[in-house]
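Lifted from TrEMBL, the feature list:
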- 288: active site, proton acceptor (ACT_SITE)
- 375: active site, proton donor (ACT_SITE)
- 126, 127, 128, 258, 259, 260, 261, 262, 263, 562, 563, 564: peptide binding site (BINDING)
- 287, 291, 310: Zn(2+) binding site (BINDING)
- 463-606: domain 'Peptidase M1 leukotriene A4 hydrolase/aminopeptidase C-terminal' (DOMAIN)
């Protein structure tokens, strides 16, 4: 079977999609331009999941097709036999007419009630890691990159956007109550970056190559929040080379979007939880902008090598922070990331193979492996190498060169490492001292920051963290009689980033209820609209068994669906014995509105059978 997959490669997709909001399906026709990689090529296998295949043709002639055995998360292989043979290097256009299932894992169909405007339905896709196959029959692997063209028919009150350049629109020739939007993506990219959205969307220009898209209720707020996008793009170009994707737009999704952001080319997806009003959450956008180079231009060849996408992207995101803020700011962010890594390792268990930098994902669903490990362990390795090889400027030179070397292609960890040794050929003795086996597989002991095998360890610059550490220690050590020594002004000099860090430190050593109530009285954290602050504060309150915080925590857990917030908030309330049933009741009441990935994982967190629809 594998040789049928590796015997050809997709070069281009031409899509014609009609969105049916009544039945919650996409009726589609995809023409794949496929190149044969060997002689006497006459059969190929495409990935599909819950698709209804209507017909298949090759260069206009009918082609035989069969559906293979269904796999729990990989779906059903679509085996196609061509009516002729091809020689190596020849191309064939394989056209598949199909329909998606209402339960397609890539798609979330929202009712008007689930949107901000409450009048029109909404659709968005999320294809990473391997969900594109539930939307389009394709070679759904990051090792295959192709361009695409698309025409999307939607009801005329809706606007469609995709991860591509907009290429005009017209009334649907088949149905005058619909509009067809056209898109072109001339840069080859993996299938997981194909993205589609349709809803009552508006846009505002925020830069010479950027617009922000959302429902009209959010659009002006979003335009303010993301006004520094062009500055970030220019900074990234100075570091990593030219931006090749043409347009860089940001789409703010409805609250049920399960991630902070998704780096779809030309159209970054962003959670509305970023709209805090103080621009403090721009590091999410810096991260997604960075993916334009690391991830989208150079892609991990398989999901085992996910750290190549995420570790380099975190490294680049923090280098943007360094350019726009300071080296101390980058150090501060690196410290926070190291703590996130420790939390993930503790959650998984130190010997869990998913804590490896390059985990084996044999029969593991990549969605289940998702954590901060590839992000922060990847960054830790790169930061460690930066220290060994001559500092940020020197190492950024390597990262830029690596991007140029593998641009428009995919890489494995070995290919990356071989290039590292080639680039630093005069420092091979230094590189040979790195314990590469430890770095790429087993978990390093987490006693100190990532100077793990360095003879002369240098710890992070703690300047910005010191104020957070000092204030958190005062609260942790305070007896009831000391509470009068705290003042409203304690937090006035701290940035949003520092308040987030202060609360993170307190979550490691929970406070008694008296202290938490006093903190609210002085700092009024209940009033914070910054989602990162609010999330940590509510966890701290519930952990201190403050009953008044339970409804606020449940409100935040259900009004937005970003997994980073929703899962831990549900877990906190679930762990408060008195409110365990309340957590389950709230989940059951809201699960229909949740993204399928989110509801599945929260159900596991609450120890519910995946099918428990009611108590």
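Glycine too: its Cβ is placed from the backbone N, Cα and C atoms.
Heads up, TrEMBL stuff is auto-annotated, nobody curated it.
Cβ proximity to the Zn(2+) site centre (mean Cβ of 287, 291, 310, cutoff 8 Å) flags the following additional same-chain residues: 263, 288, 290, 294, 295, 309, 313, 314, 316, 317, 375.
When the CA atoms are compared, the recorded positions lying within 10 A of residue 310 (Zn(2+) binding site) are 375, out of the candidates 128, 261, 375. For the recorded positions 287, 288, 291, 375, a Cα-Cα cutoff of 10 angstroms around residue 263 (peptide binding site) retains 287, 288, 291.
When the CA atoms are compared, the binding-site residues lying within 10 A of residue 287 (Zn(2+) binding site) are 261, out of the candidates 126, 259, 261, 563.
Not a single one of the recorded positions 126, 128, 259, 375, 563 has a C-alpha within 10 angstroms of the C-alpha of residue 288 (active site, proton acceptor). Note on proximity: of the recorded positions 126, 259, 375, 563, the one nearest residue 291 (Zn(2+) binding site) is 375, by Cα distance. Cβ neighbours within 10 Å of residue 310 (Zn(2+) binding site), excluding its own Cβ and spanning all shown chains: 24. All protein chains shown were included, and the count of other CB atoms within 10 Å of the CB of residue 263 (peptide binding site) stands at 22. Contacts of residue 128 (peptide binding site) defined by a Cβ separation under 8 A and a same-chain sequence distance of 6+ are given as 192, 193, 262, in order along the sequence. Sorting each residue of the domain 'Peptidase M1 leukotriene A4 hydrolase/aminopeptidase C-terminal' (463-606) by its DSSP state yields 116 helix, 0 strand, 28 coil. Counting every protein chain shown, the number of other Cβ atoms lying within 10 Å of the Cβ of residue 261 (peptide binding site) is 22. In the structure shown, the C-beta of 375 has more C-beta neighbours within 10 angstroms than that of any other entry among the recorded positions 259, 375. Farthest C-alpha pair in the peptide-binding residues 126, 127, 128, 258, 259, 260, 261, 262, 263, 562, 563, 564: 18 Å apart. Rounded to the nearest whole angstrom, the C-alpha distance between residue 259 (peptide binding site) and residue 375 (active site, proton donor) is 14. With a 10 A radius on its CB, residue 287 (Zn(2+) binding site) counts 23 other CB atoms from all the protein chains. Cα of residue 126 (peptide binding site) to Cα of residue 375 (active site, proton donor): a distance of 19 Å.
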